[in-house]
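K.L.:
This is the feature table in TrEMBL:
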- A:1-12: compositional bias 'Acidic residues' (COMPBIAS)
- A:13-29: compositional bias 'Basic and acidic residues' (COMPBIAS)
- A:231-287: domain 'CBS' (DOMAIN)
- A:1-29: region 'Disordered' (REGION)
- A:314-332: transmembrane segment (TRANSMEM)
- A:387-408: transmembrane segment (TRANSMEM)
- A:414-439: transmembrane segment (TRANSMEM)
- A:451-472: transmembrane segment (TRANSMEM)
Number of protein chains: 2
Amino acid sequence: MAAEHIEDELVEDADRGYEAAAEKEHHDEDNRLRPDFLRNVREALRDEDFERVYALVEPLHPADIADLLELTDEEERIALARAIRDLMGVEVIAELNDWVRERLMEGLPADVVAEIAEQLETDDAVAMIEDLDRADQQAILAELDPEDRAAIEAALAYPSESAGRLMSREFVAVPESMTVGDLIDFLREGRELPTEFWEIFVVDPMHRPVGTCALSWILRTPRSISLVDVMARDQTLIPVLMDQEEVALRFQKYALISAAVVDDAGRLVGQITVDDVVHIIQEEAGEDALLLSGAGDGDIHEPIRDAYLARVRWLIGNLLTATLASSVIAMFEDTIARMVALATLMPIVAGLGGNAGTQTLAVTVRALATNQLASTNAWRAIRREMAIALLNGSTVAVIIGIAVSLIFQNTILGLVIALAMMTNIVVAGLAGVFVPLTLDRFKADPAISSSIFVTMVTDSMGFLVFLGLATMSGMVG
Amino acid sequence: MAAEHIEDELVEDADRGYEAAAEKEHHDEDNRLRPDFLRNVREALRDEDFERVYALVEPLHPADIADLLELTDEEERIALARAIRDLMGVEVIAELNDWVRERLMEGLPADVVAEIAEQLETDDAVAMIEDLDRADQQAILAELDPEDRAAIEAALAYPSESAGRLMSREFVAVPESMTVGDLIDFLREGRELPTEFWEIFVVDPMHRPVGTCALSWILRTPRSISLVDVMARDQTLIPVLMDQEEVALRFQKYALISAAVVDDAGRLVGQITVDDVVHIIQEEAGEDALLLSGAGDGDIHEPIRDAYLARVRWLIGNLLTATLASSVIAMFEDTIARMVALATLMPIVAGLGGNAGTQTLAVTVRALATNQLASTNAWRAIRREMAIALLNGSTVAVIIGIAVSLIFQNTILGLVIALAMMTNIVVAGLAGVFVPLTLDRFKADPAISSSIFVTMVTDSMGFLVFLGLATMSGMVG
């Protein structure tokens, strides 16, 4: 985990220079690996021509090697990983999908995994082994040198998805007494520096951060100036137990490149850099669509068993609420028996309500997730959704009302369905905004269960209002 | 738009140092502004006590001032912006929600907007005025000095959502002949440097980038070493016309902090930094939930009229597909008339199919958006979804089959609904994966219209299979 010396990096960079051009041949216009390239790799694997596999894969960028591993089937993947063993470096491992990495790590012997872990920064090493079971973790940790082992064990002691798991323990922290010149000399001598850093932290004697200095400010400042005169005192400090979603929101809100992580006593214990946060921002933002539909983790690499368990639970929940809607219909069996057209039309009222509710829900959940919506502006959001619901409701009600009146030659039926549609779309709007706001208020994730409640309301109300109005209208003989 | 001199920044930073502590009082545990703080600001606005407003807002971080403007109602917002006029700096404007910014810009006189634009980097200035109508843009551009005007006009000439709009024209580019020492001297003299930069670009005499140098590498290297020996030749160059979503994917995939933007001839024309990309990653990833539900832009600050038009179009689309499902039911009116229980149960079959289809759809759309799914692994994804659909289908079919047999004391009805449920969930899985894959293949955004097709299939198939099997079973007298 020790930083590589700068000269080693230079050699590596020079080696890779000429390959940048070659890479372009491997990609389609969306920067995905080309199907014919993948076919060549697969053929070579099938022929057990491992030299050819190596020659094909070698020019790729590490992130593309990770993509390649993800694109291959599970059996192929292990053969591929063996064939390109010494290309499986730091960046490949860090870029791999969590599920793919976990299964690959399970398939490799502990000493090989440990060898990879030693090259990684703590945060990447932790990400690599945190999902393995305890026994596998222990086997790997036992192979590490004591210092790295201690760092990884300390990180694993923090709750998963916390800043402590995410942070790197490699960072540059210097005392307040340094000048710009001192710092540059210190960095030039440094052997134990992180491979990448964008800001340095100035700490007091208790190791508490007092300021942050972007490297560009240092480069622009004469050697004699003191660091305390260059640094920004106004810093965003991340408590070590902060949830990663919250960390991501801070990075985004304050446009951070890196941030100091502090313990309870305010001491600097690590740094988080934006490249680690970018994945979280993407995942957390993309999660809404998956959570709202009950698709759980929703990763295409998730084992079938896990995906099945997550999704079937949701379907069974929906089965229960559908039963409720069904019992509403059952109350009106007599009415339906006397006028079967009602059975034909009732799913339209329920379905459109469901659609309108889902729209409001998606907007509300997104606004809550991005901290745009809070108790302070909830009433404004509710009024806005009501206005939209009234507009949507009247538009759809007029269309369906006229259509039904004409097709069924029955004005009362047209009025009944128009009124039911209007009511259900307004109810859907109310449910779509109140359900997630209420869940959020009680500290539940509104994306996780809102849509079951909202669908329950729109289905039941749709059937109740439509069949109820039809019964009362006196048109049913 | 000229870079501020470093000393000015120091004074500003020192001023803000003591305020960091004060800020904590303004936030709740989720880092949102506290309701009581907002109430105080509103009260002061209502009392027209603008000095108090200023005193309350002054200690806030610019990003929090932006939040405050977003949280206030539209009428309050203009009064607030006036009261805190000289706090409305660069960072506040850059952090504002697009809709809120647009309406605020429309409300301010052109010379004030121009004054703000002069302080901004090109990318932020462009973001500020790109959504205004042509006449407002012209009025503002006329107020700018010629150099800034030319830069902004050039940026506006690129298509919206392209790298050209996103990039900043302020960056550090130096010739290959420089050593580390030359560069440091150059930076120390520099008056026209960007306010923030994280990497410098080395260019050939034609101004084409030949390498990138992280500032940390420069700080760690002796003065005498040539830049070409420190820089990475392997760079990710962004073509100026690349779509911003693609730019965001590159930043994420290759863990970039900044990247050079090049024109057709390969010449360096700008740089994009990760802080500009983070917002895009968040928006693009969060968009799926909104697009899948037909909520359009889905921003709670979007004008009601725009939101209504986006959503009602979707509801009318769904109305048409619901009519199709309705006509399927109409084919079985005789069957329903003879056994009204079928009308009670049929929405369960259609609804559960819809839920299962939406799950598969959400997973597939997410995988396509993140470049995890392509033609190269489509068959694996399809097989996986089929396996999950068979498991889900059998589980739900067994539960509903047994429940219906017992409740209705009718084994045939139980078998019919079980078989229909199984079929519909498998069909839902197929539609959920094939519809978005097909749309993607034809270069359409699968998030935008997939769910209408999928719901159409699950509704119609649900009714058709259930009512069809019931009719054929002979149980209906």
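Each Cβ is built from the backbone N, Cα and C atoms, and glycine gets one as well.
Model, not experiment: these values are computed from the prediction.
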K.L.:
With Cβ-Cβ distances below 8 Å as the criterion, list the same-chain residues six or more beyond the ends of the transmembrane segment (A:451-472) that contact it, or say none.
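P.N.:
The answer is 292-294, 314, 317-318, 321-322, 324-325, 328-329, 331-332, 335-336, 339, 342, 345-346, 349-354, 356-358, 361, 413, 416-417, 419-420, 423-424, 427-428, 431-432, 435.
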K.L.:
Please indicate, using numbers and ranges, the residues of the same chain that are 6 or more beyond the transmembrane segment (A:414-439) and have a C-beta under 8 Å from a C-beta there.
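P.N.:
Distant contacts of the transmembrane segment (A:414-439): 345, 348-350, 352-354, 356-361, 363-365, 368, 373, 378, 381-382, 385-386, 388-390, 392-394, 396-398, 400-406, 408, 445-450, 453-454, 457-458, 461-462, 465-466, 469-470, 473, 475.
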K.L.:
Give the nonlocal contacts of the transmembrane segment (A:387-408) in its own chain as ranges (CB under 8 Å, at least six residues past its ends).
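P.N.:
Tertiary neighbours of the transmembrane segment (A:387-408) are 341, 345, 348, 352, 356, 360, 414-415, 417-419, 421-426, 428-430.
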K.L.:
Per DSSP, how many helix, strand and coil residues does the domain 'CBS' (A:231-287) have?
P.N.:
24 helix, 15 strand, 18 coil
K.L.:
Mind looking up the mean pLDDT for the domain 'CBS' (A:231-287) in the predicted model?
P.N.:
91
